[in-house]
Ligand SMILES: Nc1ccn([C@@H]2O[C@H](COP(=O)(O)OP(=O)(O)OP(=O)(O)O)[C@@H](O)[C@H]2O)c(=O)n1
Ligand SMILES: C[C@](O)(CO)[C@H](O)COP(=O)(O)O
């Protein structure tokens, strides 16, 4: 099965406190974006990579500018706007949507997602919650959730292209906000399936993650 990858790089990285987009942070001799994109570049099933970035930062993606399978698309205000812009340019029947800020994604996880996609139209990587999660309001605990039922959503999230593009179109047109891609289908009552994620596949979000 061949797929397109959308790599989201159009954020600001404010929570890292770096003062610049964390995509350009140097990590083990490479930038974050290179480390992320290389995993997809080395996967033969990935036939197209769509980098969603800020227009003024496109020229900073130096290592990718001349690669054949690469497209650059201008991002939007929120993550979901950037995803929707990327989806408009997908040409494969299947698409994986991935945060550029998750550079530790591994080929094994892509394998699990491809197997999942062969059976289902929507799959995402998740890991079981390790901590106890409580709902809190005004500094007071309202509820303790049942941990055995809770999982943390990661990316990549993989979909039938038409299905996810239509879900995003409907959400954007109706001003619906969601923090991940699978939610767009869940809101339409569509089935979403889970493959085993990887605890190492962290999202670089705050300065602690940079360490
Ligand atoms: N308008 C946006 C916002 C986010 N992203 C991307 O979505 C991923 C997850 O977002 P997040 O961690 O929130 O990144 P930033 O927006 O860069 O961080 P912050 O919220 O701290 O500014 C990142 O790869 C980021 O580049 C994007 O493409 N377009
Ligand atoms: C999509 C995501 O990475 C799943 O955990 C997450 O929801 C993105 O959140 P962010 O606030 O846009 O970084």
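Just so it is clear, glycine is given a Cβ too, placed from its N, Cα and C backbone atoms.
What TrEMBL says about a protein is an automatic prediction, not a curated fact.
Annotation source TrEMBL lists site 'Transition state stabilizer' at 15, 22. Here TrEMBL flags 147, 203 as site 'Positions MEP for the nucleophilic attack'.
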Quiz prompt | Distant-in-sequence Cβ neighbours of residue 147 (site 'Positions MEP for the nucleophilic attack'), under 8 Å, six or more positions away | solution = 129, 131, 132, 133
Self-check item: Alpha-carbon distance [residue 22 (site 'Transition state stabilizer'); residue 15 (site 'Transition state stabilizer')] in Å
Solution: 10
Quiz item: Which of the recorded sites 15, 22, 147, 203 have a Cβ less than 6 Å from any atom of ligand 2?
Solution: 203
Practice problem: Rank the recorded sites 22, 203 by the number of other Cβ atoms within 10 Å of each Cβ, and give the residue at the low end. | Solution: 203
Exercise. Could you state the whole-number distance in Å separating the C-alpha atoms of residue 203 (site 'Positions MEP for the nucleophilic attack') and residue 22 (site 'Transition state stabilizer')?
Key: 11
Self-check item: Cβ-Cβ neighbours of residue 15 (site 'Transition state stabilizer') (radius 10 Å)
Solution: 13
